[in-house]
Amino acid sequence: MANSSRLTLSASAARAAAAVVDDDDDLDEEPGEEIESAPPLRVGEEREIGRAGLRKKLLRPGRGWETPVLGDEVTVHCEGRLLDGRKFESTRDRGEPLTFELGGEQGIAGLDQGIITMKKGELALFTLPCSSGYRHDAAQGVPPDADMQFEVELLSWLTVMDICKDGGIVKKVLSGGDDRQTGDLDEVTVKYQVRLLDGTIVAQTPEGGFEFCVNQDAFGEAGREAISGLPAIPSNAVLNIEVELVSLKPVVDVTGDMKVLKKILRAGEGVRTPNSGETVCVRYTAMLKGGTNFEKVGFDGESFQFIIDEEQVIAGLDRAVSTMLKGELSELTIEPEYAFGNDEAKRDVTIIPSSSTLIYVVELLDFTKEKDIREMTGLEKIQAAEGTKSSGNDLFKNGKFERAAKKYDKAARYIDGEGTFEDNEENLVKSLRISCWLNSAACCLKLKDFQGAIRLCSQVLDNEFCNMKALYRRAQAYIEAVDLDLAKLDIQKALELDPKNKEVKSLQMTLRQLQAEKNRRDAKLYANMFQWTRKDADVTVKKLKVGRPRGDEREGSAGVEASNLENYMRCEHKVAEKEVKGNRETRAMEVVDATCAGDDREMADSMGT
């Protein structure tokens, strides 16, 4: 897990990073694009890289598959010669390799594009044409327009990362760990040493390191006063921080609401976790958040077992263990909602106060693994489905509808496959499957999941179009979802099958009451609408009366306008009559008719007809 890095926090780093990006933008292509798309070089083979004329000949293959990128800090041995063999540069002769930043000002222009194709330990010969831009003032005895060759051995490199993408925090990886990435909740232990640019140590961790959550800040933005014999950190100081990641403890939000957190102290093995209904064997130590131990189970040769999703332990422990791998050791922080809630709980050594947050250190020793459905015979599937359905029935009777629904769904999955049962088993399987769907629909009604109930009942009716229970329960769901027309259709169909069914007739009465209430609301809405229409009509008629002409003019324009208004009111009356047709249980029609009749009489009086 050890991972060592150096972080440089600098405002000027942002400008340097921007300059590198600008240089990259001037390239005609992605560095190493052609070499990546071509087959790997064989020893002795030569190939042109890019379009600047740089050629690479492989002298010795490297190790692994990783290569450096622009911005990384590489260490190489390099020997430069002219094409006639004259040597002008050699790090081996000096006895010291060359370290520089790829793409930086200290590198060899043109050669960077070749080094980014190399693997660690690789030895290659690069031929640079004079047009590549090699800085001749860096070497003695090189003619101005000479082509050159460089024999390069890539010894190592340090990966450099721009953490904030603005050059403010630059990370240089000195040694690598594994590929695991940290999350915001994870706890890490690090060792670090903070230096100013002049090398002065201004902060460091104790010998054992420093533990903190990833989403916590290790240092503030402002400077820091001198502490523990270490000098102060000036404000706006550029800092070099050498960081070693000692350990990483992933933290998982088990329930999705931050009320059950699992910190993995030791990783488990494999990839499979316990499923609902499987028996787990664990040992754990439990304590209050303040540190008082109240339970220790599964040690000294004793074993403790419970069945997942059977409420045999507190919900937080149940849910967390179902996410663990075999051999995993984890620390659980369980809020009261998933522990004992507002109740006190008595244990042998203490009483757990109400609303207590609990800490469990749990090790999953083993768990039973159910036989895969694909490996079962038809008879085994039927037996498993019947047993699971029976468990669901017991839960339903005890009012545990959510858990019962899971059992029914699981039972239906056992017998979901087609073509895996004998001919004499098909009828039993169909009946069992329909029973599971109907029971699950009943759970949905209890849980107010009306769309789920409609879906399950529709599945039943697709297989048995005259199933009374499915029609009745779907009608219930439609009523709750305020889809009264569809509920009416299901009730009518059910009464056709059984005209004397008391439950269906009772549901029909409920539907009629709801429909009557809806009709009354609609009638009131229409009455209000016509009230506004009548007021508008009164204003219009009064205007006509005030400006009514005499003689032929009265019979002319005013008569036409009055006739148009009267026709409009009659059309409105017909529309309202159509809307409330069939609602004989209420007086909605009478209200509309009376309103319209009153309007007609007033209009006739005002028009003098």
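Glycine too: its Cβ is placed from the backbone N, Cα and C atoms.
Curation does not apply to TrEMBL; its annotations are automatic.
Listed features, source TrEMBL:
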REGION    14-40  region 'Disordered'
COMPBIAS  21-36  compositional bias 'Acidic residues'
DOMAIN    71-158  domain 'PPIase FKBP-type'
DOMAIN    277-368  domain 'PPIase FKBP-type'
REPEAT    468-501  repeat 'TPR'
COILED    497-524  coiled coil
Checklist outcome for this item: DSSP puts the residues of the domain 'PPIase FKBP-type' (277-368) at 10 helix, 40 strand, 42 coil
Next on the checklist: Let's see if you can do this one: DSSP helix, strand and coil counts over the domain 'PPIase FKBP-type' (71-158), in that order.
Outcome noted: 14 helix, 36 strand, 38 coil
Next on the checklist: Could you give me three numbers for the repeat 'TPR' (468-501), the DSSP helix, strand and coil residue counts?
Outcome noted: 27 helix, 0 strand, 7 coil
Checklist outcome for this item: The mean pLDDT across the coiled coil (497-524) is 91
